[in-house]
């Protein structure tokens, strides 16, 4: 064994414990007592036994003379060389397979000069066993002492059994307390959560109760107003002056009929007009007595037989009940919070009888249940004999909604008169204006002030401003280096327009200048740009990077906000109002954003859009988009599921044999403040659709 000077890495203050003799029962008892100690006590004792911490325990066996010079670990299967050095067998054999010298002294050495070192092996095994005993737990030490045959008396065994039973009782009690504490924490959390839910439900029920009272009160007022007008009508019919005026009105009405049609009627029924007057008077009189009785009561009579329209709208409510419920509670809670902040809302509520949230929801419910389908009122073909490519990439109404323009891969801008298309059904409608371009067109935008000015963007990156009246281009901007996907005129400044391109640039143009006035460099391709309708400073940009970048052109170096949520490229951005922005993406979703509060509002799902530009259009209440299933979908902005849809069906014999899945809707456009819209598909078919009950 080495002397103390060699083991300098060991902590000298920690003595090595000697192994207990086989017949010593005190070692087993001490081990058992240590094993039965509580964790806190065991930790305290371990700390007191090792004043210098875990490092001392790790460095305990570090007698360097017992380490293999090659692997620097305790020698395993010790072998002695002819020069007197010991190594692990595998270490020295591996070394000699490459070299023929001793790793320690460098003397010539072969495998034939290796001899087993049995004495060193025995010493190392004892040291290993001692180290294992050191690191073993007290329970293992006690088990080892019993296995080695340590003799113990009955009293000592009784004492140990008592300690073990007491330790078991303490551990069971501690485990039970822990389990009860965990259960209590869970129950408290559950109680808190359910109380919050109960409070929320009670608050919602209070809102509903208030709204039911307000609606019932308003319904009674409407009923009473209706009855008052009926009573006035009956009183007017009872007055003598009204009786004198009645025949004169009939005489005036008779002037509308030709003589040959009036004569037989008067001849065959000489007293028919007088009888009709008396019957009408009696009917109104009878209804007046009934309504006079009804006015004496506070409640309106039983509701009349439900009409077909009422039943249909009720079914729409039931079909989208969860969505409507969510929207109602959202608006009602928001209105209640605003009412707490502003006392004038309470005054308005007392005056009108309706809360702001309920009025908003009633408006949504009315508009949503009013329509359930899209009806075709006109159809035309965009293609011609000289161009087989018929995809319509853009449709736009002019300022007054009298004209609409179409553009696509046919390299032509065609302007149609809307009233002619609707009122004069025909297989082929001729455009009132047609303008040829050098490249395929991607987007159109009418000037919101000048009726005859329209802008276009094409596949060569050229942005062109046209005069529809003369069919000539006014300005051409050629700064984009790649395909320009989108262009849009400002609503507040008719001389400004913005464009976006595959060259990752957004450019702002002025019709009074030949060069761009603002240039925004982005890191991804631009698919869509749109001015905020209430300002010529704010522009929304849809990009391939899955985000919508909202810029203030007064500081274009960085966006005001970046809206994230789409999982694929953003193909379109459209404004519903100054604060509401809709976006479309090839992840088959539409999203509604609040650009004032910079937050998402709603996600719309139901259509399919994975690779094509399928169109997007929005008005104050509804959002329309196309689908790669050759369908048009319409969403109400408050409901995430489609409100109506329409499938394009091919009417051509040649197209009927093709796969319907190969066609898709390519462009849509709402008529301003109207339930009427235009939609076109990849076949070149354009339909005028209107929302219908």
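Sequential numbering from 1, following the chain as shown.
A Cβ is built for glycine as well, from the same backbone N, Cα and C atoms used for every other residue.
Keep in mind that what you see is a predicted model, and the values were worked out from it rather than measured.
Per TrEMBL, the listed range annotated as region 'Disordered' is 1-30 (candidates: 1-30, 31-60).
Your range for region 'Disordered', going by TrEMBL and the list 267-288, 289-310, 311-332, is 289-310. Mean pLDDT for the domain 'RING-type' (68-105) in the predicted structure: 91. The repeat 'WD' (477-509): residue composition by secondary structure is 0 helix, 18 strand, 15 coil, according to DSSP. Here the repeat 'WD' (563-603) is broken down by DSSP into helix, strand and coil counts: 0 helix, 25 strand, 16 coil.
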